[in-house]
């Protein structure tokens, strides 16, 4: 029977340290509810003594969370522990997490103390925390650089004092997985009362080894892993909990452990943390990145279409994603193009695959990623990306400020005509988009907006990538300019041209259908006359 690995989330404490601005109480509570839905066992939600704002957020979360244990961090300082207990006492169940440094460097240069004094202080503070709760966690800060005999002394004393969870942090992300695994194994071998506590690990990613170290520790017997969603945290970040959780699930055959996480909530929670913290998830991020289940290579796409397990060790559905994504690029094969056309409802007889694939490769070489409406245009109206576009941005101006409603004037070249309109909006970009909608008559709604800086300093360009919805279909647009409002306008004009092309495709398909229907009717009439 497999053992449980406790998932200890510190997104709202250690993760928040990476943010340029602190989260509001409302934002923290929103993330806490998402973590609760995901099923984290323990959530560390702040450092109550650090500020009145942190105290308030810890207390608010403690009052509202019912199914996860709420934890507050403290130093080995009396006031820290007392304040944390005051903030947490409204919780259904809470934990006090106290820590002190144990490495020779930290003891000598930061604490200006001795190991014996550190142990004495830890014992006193653990006992003080036990006056408030039976659930006390103790951390040996910088355990990764603490000699193992010293670490064993500290851990044994902490357990005797009443700590029920002993956390072993690799505070500076220094250790290698085999070293870290050996530390955990050594504790099990040399600490006589180790069976009275759960061994936890808290790893940092300074050398890119946080998840590797955590997994080595689990393999060696650790039964709690601390980390954050998306690996956010100071410096290079923390251990990515979603990666640990899915590694445990995927490699259950060798680890023989499990978590109580609701895996279906992983993707949604990851996206929420990214949005609230304003920290975009890299496309190549394991498990939750945009490319984690996307396949661009023709060989890989063909293999996935035949059997997903050929190139997927876990399914997108297992983290709450609906389907695998095949990105159509110049590396995609004929099978992927044909599959995408079938997904859109087209049969082999509706188009010429040889001609379509040839045109697709030319467009993919120029454009990069090819979307559904591009394929349809190539298949039915033979429109290439380099042909003249119908809409062009001729002119725009924006007036906005803290005390005035944003107003935009926009002039578009629409084929051979020039049209202009003005509109107000919720900010300059929205005002421009409202004016564009008035000109075209399209009711286009923005689904996704992403701004990326290209270059540095005064010469930097702003690239805007958007996804917009029009009559239930998604269209992509890209704009690039030194002015982000201009690049936003260009991106929307790009969307409009894609919509225009899609409309031409629909007309051409209707024409072909009418032509085919007419041919069938003519054939029936001819057969009827011959019979007579």
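Cβ coordinates come from backbone N, Cα and C, glycine included.
The domain 'Pyruvate carboxyltransferase' feature in Swiss-Prot is assigned to 5-267; the stated evidence is sequence analysis.
Residue 14 (Mn(2+) binding site) falls outside any helix or strand according to DSSP and counts as coil. Counting every protein chain shown, the number of other Cβ atoms lying within 10 Å of the Cβ of residue 14 (Mn(2+) binding site) is 23. According to Swiss-Prot, the Mn(2+) binding site annotation covers 14, 202, 204, 238, on the basis of sequence analysis.
The region 'Regulatory domain' feature in Swiss-Prot is assigned to 392-532.
As annotated by Swiss-Prot, region 'Disordered' applies to 513-532.
Around residue 238 (Mn(2+) binding site), a 10 Å sphere centred on its CB holds 30 further CB atoms from the protein chains shown.
Close to the recorded Mn(2+) site, the chain also has 10, 169, 171, 203, 210, 226, 227, 228, 233, 237, 239: residues not among 14, 202, 204, 238 whose Cβ is within 8 Å of the site's Cβ mean position.
Spatially close to residue 204 (Mn(2+) binding site) yet at least six residues away along the chain are 169, 170, 171, 172, 173, 210, 233, 235, 236, 237, 238, 239, judged by Cβ distances under 8 angstroms.
When Cβ atoms from all protein chains are considered, those within 10 Å of residue 202 (Mn(2+) binding site) total 28, not counting its own.
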